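What TrEMBL says about this protein:
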- GLU78, ASP150, ILE152, ASP153, ASP317: Mg(2+) binding site (BINDING)
- 231-252: region 'Disordered' (REGION)
Amino acid sequence: MSELMVALVQASEKAANIARSCRQDETLFSLLIEEKKSDKNKKFSADFKTLADVLVQEVIKHDIGKRFPGLENNIFGEETNEFMNGLGERIQVMLCERDADTARLLSKVLDGNMQAAEALASAAHQDVIIPDLQTGSVHIPIHNLGVWVDPIDSTLQYIKGISNSVPEGSIYSRGLQCVTVLIGAYDLQTGEPLMGVINQPFAEMDDSKRWQGRFFWGISAGPLSVNSLSSTPLTRGDSTHPLPTPNPVADPSLGVRGSKLSTVLSTREVKRVKALFQDCCEGGVYYASGAGYKALCVILGLVDVYVFTEDSTYKWDSCGPHALLRSMGGGMADLKDCLRHSPAGGAEERPELQYNTPIAEASGTEKWANRDGLVAYRSKADLEAVLQLLTTVEL
Ligand SMILES: [Mg+2]
C-alpha cells in the first residue's frame, strides 16, 4: 500500500472537515457569510475566507511533512501563509503541535475572536481515519516528488454556499457540490503527475441536513495505474442521484458531427467556443463551476471531456485531477500546444500539462498558469475529436 497516497487522502479529508466546519459551525459560518451582508466588515470577512484557504494548506503541509520529513518543502499552492490582521500585524499562520496554541495563533488573525479560533483549531487538529485504500504495492521515491495543493477550489461557490442547486444530467452548474480539495503529487524531474486526490466536501446532504463528502484517488506511475473508481463504490449510500454509465467512446472515423461527444465547459469560456460545442456535441454541453469539479465530471463518466481554452487555471487546479485521469488511461492535454503541433494522423503522443516548469516571462502566480488551456479526457479518441473540432475556430 502506498503510504504517501494514504497521507494525501487523509490530508484531503482533514481539509474537507475544515471546509465543512466553516459552513456548519455557527460562529465560523457567521464570519464566512458576513461579506454578503454589508460592506462594513468586507475586509475582515474576505480575510476569513482566505484564512480558511491558508489554514487548510498549512494543515496539509504539516501533516504530510510529519509523515514524510522534507516533503513539506516541496508542497506548493496559491496561498502564502503570511497574514495581515485588522491591526496591521503580520502573522504566519501555521499548525502548532497543540490545538490550544493553534487557537491562540488563529485568534490573532481573527482579531481576538477566540470562539471562532477554537472551532477552527479543533477541526484542524482532529484526527482523520480513512479505510484501507488498497493501492497495491507502490514504490515512488519521495525525494523526487513535488506536491500541488488547491485547498478550496471554486472559492466563490464556497462563499455563496448554495445548497439547493439542481443538477442537469447529474452535473451541478453551481452550488457547494462544485467545491473540491485538490492535491496532486508530481515528478520534480519530468513534471509528470503521479498521484492525485479530488475530495468533494459537499457531495450530498444527509437526512439530518449535514453535508457528506466523498473522495477519489488515483496513481499513475510507470507501469502502475490504480484508482479508487475501480475498487470502491462511487457514492456513499446515495440512491437519489444514480451515476449514469459513461458514454461510449467517440469514434473519430465518424467525424465530430456524427459523434455523441459530451462536454463540460466553464461559464467563462469564450462565446465562439461555446457556440461551436453547442452546435457539434450531440452528447450535450454542460456548464459547471470549479476546474476540479469539471475534471471530476470527466473522471466519473458524466461527460467525455472538459475543455477550457483560456489561461485562468493553474497547476494547483489540474495536477491532482490530471493524475487521476492518467490512472484511467486518459489525461489532460495542453490544448494550444496540441493545436500548434498537430500531427498528420493524430497517432503521436499529444503534449500533456506539466508541473515542474514555471513560465519564465510571467510573474507571481501567473508563472504557474496553464496558459494554453486544457482538455481533460478519458479516451484519446475523444481528445482527437475535440482537437479536430477546435481547428475550425480561431483561439
Ligand atoms: Mg482553484
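Backbone N, Cα and C atoms are what each Cβ position is placed from, and that goes for glycine too.
Predicted automatically and left uncurated, TrEMBL annotations should be read as such.
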For GLU78 (Mg(2+) binding site), just give me the three-state DSSP call. coil
Using the structure shown, find which entry in GLU78, ASP317 (the binding-site residues) has the sparsest Cβ neighbourhood within 10 Å. GLU78
For ASP150 (Mg(2+) binding site), which residues in the same chain are close in space, meaning a Cβ under 8 Å from its Cβ, but six or more apart along the sequence? GLY77, GLU78, THR180, VAL181, LEU182, ILE183, GLY292, TYR314, TRP316, ASP317, GLY320
Cβ neighbour count within 10 Å of ASP153 (Mg(2+) binding site): 28
Quick one: which of the binding-site residues (GLU78, ASP150, ILE152, ASP153, ASP317) have their CB closer than 6 Å to ligand 1? ASP150, ASP153, ASP317
How many other Cβ atoms sit within 10 Å of the Cβ of ILE152 (Mg(2+) binding site)? 27
